[in-house]
């Protein structure tokens, strides 16, 4: 376990090594939240509520989903693709640890870094600029915390899955990009699920994506009742378990037919 | 003494895809692709005893790196058995890699963006090395390799020679009984090379560490290894003492001439056509090299002929170098050592 904790620390150091990335990141998230805020005020334009969400709830939803995204988002798929394409994965395989586990820990290190140095200060700034509602209920915070941890796992698992496909496809840049758009759209980051047409919502219920952004944001904005929130977390948890299966299977196959590229 | 590495009929096959030519070919490739099975390692067998230092040599693409990758558990063999440190590398990977150290000359295993000591610290945790073990062992390694002043620098700021020394130290953090070095001296200057060789010798003597070394620099092998395994197109063509190889095959002499005037190779060749000599010409330095049997009579005849025809600036007589021997072997494709 020690080594996995150490990996989180190393990732922290690596994030600190690239300060410019960090500052531009804050800027990009700020712009995004601002843009969506103005977009939604235009859409609401005087209406009390749409699909059961008030304008304040909507703004909070946007701010919270972007801040949560800072935590769950990572580029593990792209990193894995690079490591596999450049043959660096050979070095990973001569270490006495689980490659995928280590990757997950790197993602977690990155997430925790952004949560503390990025999301929290960012949220405070956003709080003063836009009319959002910061809840004080510990039960909501508690459920939200569990929920974003699970969204981190779902998102990371999808990234690992996409990353592993590099073993078979050798170049999967297109797939990585497609996955990113699908997640941003279907996870409820750009649009809450309740805004999708009924049939689409029906399909989405059977996909893991809404566990990434929609569920934690709805829990935080109290768009869910307590009962619904617990159910939604249960759903996220089930997805975490289900996604382990294809990852494990693909990983075993990948190792068998591994070709180290570049000698 | 027990064997550190036991390899039996090891084989590795790759599927090699070939692209059809032209646009029409590219479209056909979308649906069905041509491939053929290429055999990188062809049923090889060898053993290495604990504490041995073995040079594993071969041309580019001879299957050296593929073998190393199978021995380290990265690649799955297509056939045959491997037992390294008493384990099957691929089956028990996590437990197995604890007992080996690996240096890939062409890829770094340190983390690029962070200081060397942070990488060391992580590796120390990864290999579950205690503080006492680390201090006892690594302080010495750090001192010998002279990397103390590099420890707080990020890897990306190190020169190749500095990085290589750090890589070597990183591979030894858990003091493994078996060390794989895949071209560890590639691109290094003479001083760093010497330092690394000295260090490897010391490690081998002190801890009885087995070392398997691949390199294209034969002076590494000469300095370190008593035994060489030579690979060509996936087959072992020689396995034995380096000394034998030299004694049996190194019975030639090499004569180097430099002339005062401009002389061209055909003229020299024509002059000595009657003698069993192989000529080579270095354009840049204008050095003519003659390879021939170690026969005093022949050598005198050759020199007499050359001296009579051309004005000589410099002349040298050398024993055939190991490189020359190895090149001869590759050209013939087999070794017969008595």
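Glycine too: its Cβ is placed from the backbone N, Cα and C atoms.
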Stated TrEMBL location of transmembrane segment, expressed as one of A:52-72, A:73-93: A:52-72
Annotated stretch (transmembrane segment, per TrEMBL) among the listed ranges A:1-20, A:21-40: A:21-40
The transmembrane segment (A:181-200) touching the transmembrane segment (A:52-72) per 3+ Cβ pairs under 8 Å rule: yes
